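A.B. asks: One structure is given below, represented as structure tokens, and several questions about it will come after.
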Number of protein chains: 2
Amino acid sequence: MSCGEFELIARYFNRVTSSRRDVEKGIGDDCALLNVPEKQTLAISTDTLVEGIHFLRDIHPADLGYKALAVNLSDLAAMGADPAWLTLALTLPDVDEAWLKAFSDSLFELLDYYDMQLIGGDTTRGPRSLTLGIHGLVPAGRALRRSGARPGDWIYVTGSLGDSAAGLALLQHRVRITDPAVHEALIKRHLRPMPRILQGQALRNLASAAIDISDGLISDLGHILKASECGARVNIDALPLSSVLRDHFEPEQVLRWALSGGEDYELCFTVPEINRGALDVALGRLGVPYTCIGQLAPESEGLTLLQDGKPVTLKLKGFDHFDAR
Amino acid sequence: MSCGEFELIARYFNRVTSSRRDVEKGIGDDCALLNVPEKQTLAISTDTLVEGIHFLRDIHPADLGYKALAVNLSDLAAMGADPAWLTLALTLPDVDEAWLKAFSDSLFELLDYYDMQLIGGDTTRGPRSLTLGIHGLVPAGRALRRSGARPGDWIYVTGSLGDSAAGLALLQHRVRITDPAVHEALIKRHLRPMPRILQGQALRNLASAAIDISDGLISDLGHILKASECGARVNIDALPLSSVLRDHFEPEQVLRWALSGGEDYELCFTVPEINRGALDVALGRLGVPYTCIGQLAPESEGLTLLQDGKPVTLKLKGFDHFDAR
């Protein structure tokens, strides 16, 4: 192989497209040097994506570059944080310049959109995988957390649920659809999730708890319930479902995707009664729908799903990488 | 597989052995929340270790847990930073509890030694690899960098060079040694490198440039030369070589290991003439030898190796993951 590691990194990832004032030294030394502004708290999250587990072998590198960053941005959104810096550890089986160009172009396009800077990383040879470390800033004391919700708070989700899971099923040929526009729309929801950064920031003073939906609504709402020591009643009739999903698949399948399909990258958050008016003002102008799907209950009640106002039992599980799946 | 991902993480990695005051929220939410003290700059580095490339398949998990952190600490040392927080992204082919226990025990022992806190990460299924994100703090404006060296500055290294490469050669049965104590000592230098954290901090006001030796002296000194726009004269007779290395291997082999074997995790740094006295005071009391191996020259001279005072040409290369090796 003719292209050395350092040269490779320099060519595709050492672009100074954004140059943030809080970055004292970016790529090019043993560490990056960063200055956190006064009265700001640093929010850090790390995600690994492994080929064959988190993304399909035939995914287009541009889609992978976008999605890898978007799912990490979604973690910042869930804390109400402002995106700032990224580290990228890239493990590749070989040096494929077309792949690298498409991947990095797409990654940098999204970085630029959020005025983020790539501050470092590592490139290694091995089975294809990526680990991103994302760093955001949030005013001190105002980060959204999973804890903090109380019985009586209302449960909301942004956007619609289940489309991404339907898109994945289409990509894996587990389901079929004849209308090419619908096919494409659902696949796009899987490959190009929109991190709800603005919504997270708008919720800083309003939500009592928040999480992003990566493993599926039931699983991720469960994390809020556990951290906040609450139960919940969720009206499954109220779940926001896109018309393409409702029009083209069986209701039971749609419900399973919406509750436990995962990879929605919408926000699930809770709001005290007193903040509901302010919520409509804050989120109403952002152009993404948000829907009340239930209410928190005492912890002893656990999680109850209601259909036509009556409790129902469904066999569903969130995504767990070490499960049989 | 019976053990869920979340439970697995909780059991082995969610230990609150160290609880730093600057950690507002550690593991357990979408992001960790950290507060950087005033007048401190954040130093961040990321390293990936892939099985079969960066560590041998049969490495003991305790050695891997130690070394993965130690090599990242070495990057902080090279900046003169104080270790603070770690993120760990762990990809594993299966859930092996004995492996996890040994790995995490060893990792936490070293974390505790440096009063560091594990603040988050990710666990995924796939070919075994690790990506660590290390975060340190350094007083504003005082970080060591690769740039800043000037012609005339003296070149130093800590400790001795080449032992780690010899240890790796022993582990891979590429060389043999009969004395079991020597055998063990060299292997230990490969598996348990000592990050030069105290030395890095002591150098903050004294060194004009610094780097840690991960790819081999020639390669890493080359990074200083490039960043500082200097050349260098290195006396290869002055290279610090351990007596075990000199006593048991051919001089040419020893030299190759010392110059380009890599994974020494010693510091290579440059010091202006005026600071040499202060250097002896600052490093002398830390118990680790340090050796002057040459002097910086104008950039036009390039890198010259001197043996018996005369220039010599050697065919050597640093470690490059995408090279033929």
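Keep in mind that glycine also has a Cβ here, set from the backbone N, Cα and C atoms.
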A.B. asks: According to TrEMBL, A:ASP30, A:ASP212 bind Mg(2+) 3; which of A:ASP75, A:ASP82, A:ASP163 is also listed for that site?
C.D. replies: A:ASP75
A.B. asks: How big is the Cα-to-Cα gap, in Å, between A:SER45 (Mg(2+) 4 binding site) and A:ASP212 (Mg(2+) 3 binding site)?
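C.D. replies: Roughly 13 Å, rounded to the nearest whole number.
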A.B. asks: Among the binding-site residues A:THR46, A:HIS54, A:ASP122, A:GLU263, report those whose Cα falls within 10 Å of that of A:SER214 (ATP binding site); none is a fine answer.
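C.D. replies: Those close enough are A:GLU263.
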A.B. asks: If you count Cβ atoms within 10 Å of each one, which of the binding-site residues A:ASP75, A:ASP122, A:ASP215, A:GLU263 comes out on top?
C.D. replies: A:ASP75
A.B. asks: Would you mind reading off the Cα separation of A:ASP30 (Mg(2+) 4 binding site) from A:GLY121 (ATP binding site), to the nearest angstrom?
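C.D. replies: Per the Cα atoms, A:ASP30 (Mg(2+) 4 binding site) and A:GLY121 (ATP binding site) stand 10 Å apart.
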A.B. asks: When neighbour density is defined as the number of other C-beta atoms within 10 angstroms of a residue's C-beta, which of the binding-site residues A:ASP30, A:ASP47, A:ASP212 has the lowest density?
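C.D. replies: A:ASP47, out of the binding-site residues A:ASP30, A:ASP47, A:ASP212, has the fewest neighbouring Cβ atoms within 10 Å.
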A.B. asks: Can you tell me which binding-site residues out of A:THR46, A:ASP47, A:ASP75, A:GLY121, A:ASP122, A:ARG146 are within 10 A of A:GLU263 (substrate binding site) by Cα, answering none if there aren't any?
C.D. replies: none
